[in-house]
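Feature annotations, courtesy of TrEMBL:
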DOMAIN    185-340  domain 'EamA'
SIGNAL    1-18  signal peptide
TRANSMEM  46-64  transmembrane segment
TRANSMEM  94-112  transmembrane segment
TRANSMEM  124-141  transmembrane segment
TRANSMEM  153-171  transmembrane segment
TRANSMEM  223-240  transmembrane segment
TRANSMEM  268-289  transmembrane segment
TRANSMEM  325-350  transmembrane segment
């Protein structure tokens, strides 16, 4: 069945806002602005940026409450029918606390890694979450992976290794960019973050999935918990001294939120990048949830892959990344593995495309027959 205009809009919003989220965060890392010490320096505040992301997720909770209020005022049960609000609303929000802490930890580590590596590599290495979710689900959810899923995991591993090799042998380094060791460290941090992210997914499936919580509300509560906890953690982080790769120089504060606000105040580009992170993550989650509801989780995975391509093209065009054929080769393996794990094979794609072509051809044929009959009737 062809997509409706609404479904096409959802897919477009998901791809664009998801791309903006990663690119705006990376753009902020590249911007130099005057800090509280009077020096012009890069915006190296991964924990502050993670807080901004959770602030954006928190807006999902506000959106849910607003929609629920609007629907409930109709007094016709609309709030129990609409996809974004229907479900169990009488639950203990604390069941989302552990997933939120996993998300907080993983996001903070990923943003440290993003500061060190390319935006495209950041997006591609996030695909490694499939490996860890598959393995953990066997141990804690009693799942049995079939042959197709194992083959998908193998292909993902091959793709990740090739992408890592591409980053390692890349000579795209200069005085303003991170060196080869930093890039590899960033890649490894992103993979480590996916282990934590997979724990979040398994915990959610084991303890949260059966609660029938509206997804928009779940994302909002996790955003609220993450924002509050990480916000308070930045107080002790201010007094902790650290060094690379977490900070730019040895002896810098682990996180200096005051310095982050000063830098934002001195640069409209930085302000725009931070606002892009906050707004885009809210719309991305809203569109992603709607795509899963309107279409399928598999479609959401495909669109996420399209987002990776958009980020990659943008990085090559505007963020100074150089093209390496190995990265393309690795991405193809990664995409094939993710598709195979989610049940998308070349055969299924071929059958789907052939079905769409046949349906379109039959529709055209029927229209021609109807027009021919109409002409025959109108002839005297």
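Quick reminder: no glycine exception, Cβ is built from N, Cα and C everywhere.
Taking every recorded stretch in 94-112, 153-171, 223-240, 268-289 and counting its Cβ pairs under 8 Å to the transmembrane segment (124-141), the highest total belongs to 153-171. Against the transmembrane segment (46-64), stretch 268-289 shows more Cβ pairs under 8 Å than any other of 94-112, 153-171, 268-289. Within its own chain, the transmembrane segment (94-112) is flanked in space by residues 25, 46-47, 49-50, 53-54, 122, 126, 186, 189-190, 192-194, 196-197, 199-200, 203-204, 207-208, 211, 213, 218, 221-223, 225-226, 229-230, 245-246, which lie at least six positions past its ends and keep a Cβ under 8 Å from the stretch.
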